[in-house]
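Have a look at the structure below before the remarks.
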Amino acid sequence: YRILHQPLFRNSLLAGVGYLELANAADFAANVWNQIPVPLHAKILMAIGGPCALCMTLVAARDMYLSAANVRLLRQERSFLAESISTNHGVNTREVLTEVIDRILMDLLMGIGALLVGIGTLLAIWGADRTIYRISNLLSGYVGNGLAAGFGLVNAVWSVYLVWRFQQCWAACSSSTSSDEVSESEKGPRLNVELPAPLKTKLRARMRALQVHALVNGINGLVAGAASMVTATMWYGYVVLVPCIVSLILLNVFWRARLGYDR
């Protein structure tokens, strides 16, 4: 037998997604040695960087497919939450928006950006032709990198919301009722019973970890977006971009290992 639909919400973020920002830096040789005639060593680097950027579009497409499966499942789940408490709706909404913004939108914009950068980098090999030279500069410059910058702005706004949202969650948890301490036969209003200290500690640690991830991710996206626009004309933008690439890879590992979950 073969299951036709994904039965669980999965922590399916691909490790390769952490390298999408690196793909947008694959135009290093095309931007640094933006001259005619093109030096031989620059052509070699372009021949390496271009295909690498193009390959990353496949990773982005695969991750988008996996995220879309999660979104379909969450939308089906929402129909069963019509009579449930608003907290369940809030969790479902946050999970949907996280999948849509942090994965689908990122994969779409960064994947298309990597595609344009890869094509522009390969075209730069034949930069002696004036028409090809101009097209290459556009694709591997402001057009290709502009998509990453645009996502950085959207991601920053979303990250600010997440930091605020997780703070609200912690405030609610700190004053909520523990279901273990309330009788199932209780017919009256819920008692305001404190959660056990160990559970509060775990909740606090998770909320803080989620806040740190959102904050670093938002700042990283803004800085990387700005740096990628600088690299279109000035090589030292890559000096700022390198720490952002490393940070994105570490954030990807942190999410897959500590924050993501199956349910």
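Glycine residues also receive a Cβ, built from the backbone N, Cα and C atoms like all the rest.
No curator has checked TrEMBL annotations; they are predicted automatically.
As annotated by TrEMBL, transmembrane segment applies to 41-61 (among others). Cβ atoms under 8 Å from those of the transmembrane segment (41-61) belong to residues 14, 16-17, 19-20, 22-24, 26-30, 32-33, 107-108, 110-112, 114-115, 117-119, 121-122, 124-125 of the same chain, restricted to positions at least 6 beyond its ends.
According to TrEMBL, the transmembrane segment annotation covers 104-126 (among others). Only residues 6 or more beyond the boundaries of the transmembrane segment (104-126), in the same chain, are considered here, and those with a CB under 8 A from a CB of the stretch are 17, 20-21, 23-24, 26-27, 29-30, 34, 38, 43, 46-47, 49-54, 56-57, 59-61, 63-64, 67-68, 71, 132-133, 135-141, 143-148, 150-151, 154-155.
As annotated by TrEMBL, transmembrane segment applies to 146-164 (among others).
Through the fold, the transmembrane segment (209-229) approaches residues 21, 24-25, 102, 142, 145-146, 148-153, 155-156, 158-160, 162-163, 166-167, 237-238, 240-241, 244-245, 247-248, 251, 254-255, 258-259 of its own chain, all at least 6 residues removed from its boundaries and within a Cβ separation under 8 Å. For 209-229 (among others), the entry in TrEMBL reads transmembrane segment.
Marked as transmembrane segment by TrEMBL: 235-255 (among others).
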